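Visitor: Here it is, the structure, as structure tokens.
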Amino acid sequence: MLGRPKFVLASGSPRRLSLLNQAGIEPDALRPADVDETPKRGELPRACANRLARAKADAALKSVQLDDELRGAFILSADTVVAVGRRILPKANLVDEAAQCLRLLSGRNHRVYTAICLVTPREAFRQRLVETRVRFKRLSEDDIQAYIGSGEWRGKAGGYAVQGIAGSFVVKMVGSYSNVVGLPLYETTTLLGGEGFPIRFGWLNATAV
């Protein structure tokens, strides 16, 4: 794509890619980072999200430095953490994990944190952390079992996908919706634009939804 700097998304998440496309930004490459996302003992949710976003950016930068076509690109990484109080919920991959998450979230408030980390062409690191407060309705056991049967929760922070069936569980949300999906668009585009990335470059060719 001529006319703008190269842009790399350090993620394999279809949701983050879709959100970027929604904002008219199309990555030149995806560089998912193989990072251990296990929280450290006693680690707070904010600190965990920030640490993992930076680790993903570091890993992607090392990969990009070895690629002549991408060297000097903007690199964006992100990590989303769902927490009840100080308790970090897992990215559920097992049925028991998902059920435990949903029972914990049922009828309660929780917070979703997404940390974004941008590496500039000069290899400077810029980070932002965005918080959204979410309240779920009280979930019956039938709700939980039916949702688990959908499979929508697999690999999702907190064991749910707000852009899917679980959107019907939300009683109240305070803050960025796209943050809960996995990438806060306002903060992301503001950060990119502030570092000189032409965020409007793709708008003329954007497809209306």
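Every residue gets a Cβ built from N, Cα and C, even glycine.
The feature site 'Important for substrate specificity' is assigned by Swiss-Prot to R15, T80, Q163. Per Swiss-Prot, active site, proton acceptor is recorded for D79.
Tell me about the setting of these features in this model.
Guide: Same-chain residues at least 6 positions away in sequence with a Cβ under 8 Å from that of R15 (site 'Important for substrate specificity') are, in sequence order, A161, Q163, V181, G182, L183. Following the DSSP three-state reduction, the secondary structure of R15 (site 'Important for substrate specificity') is helix.
Around the Cβ of D79 (active site, proton acceptor), 27 further Cβ atoms fall within 10 Å across all displayed protein chains. In the three-state DSSP scheme, D79 (active site, proton acceptor) is classed as strand.
Its Cβ placed at the centre, T80 (site 'Important for substrate specificity') has 27 other Cβ atoms within 10 Å.
Counting every protein chain shown, the Cβ of Q163 (site 'Important for substrate specificity') has 17 other Cβ atoms within 10 Å. The DSSP secondary structure for Q163 (site 'Important for substrate specificity') is coil.
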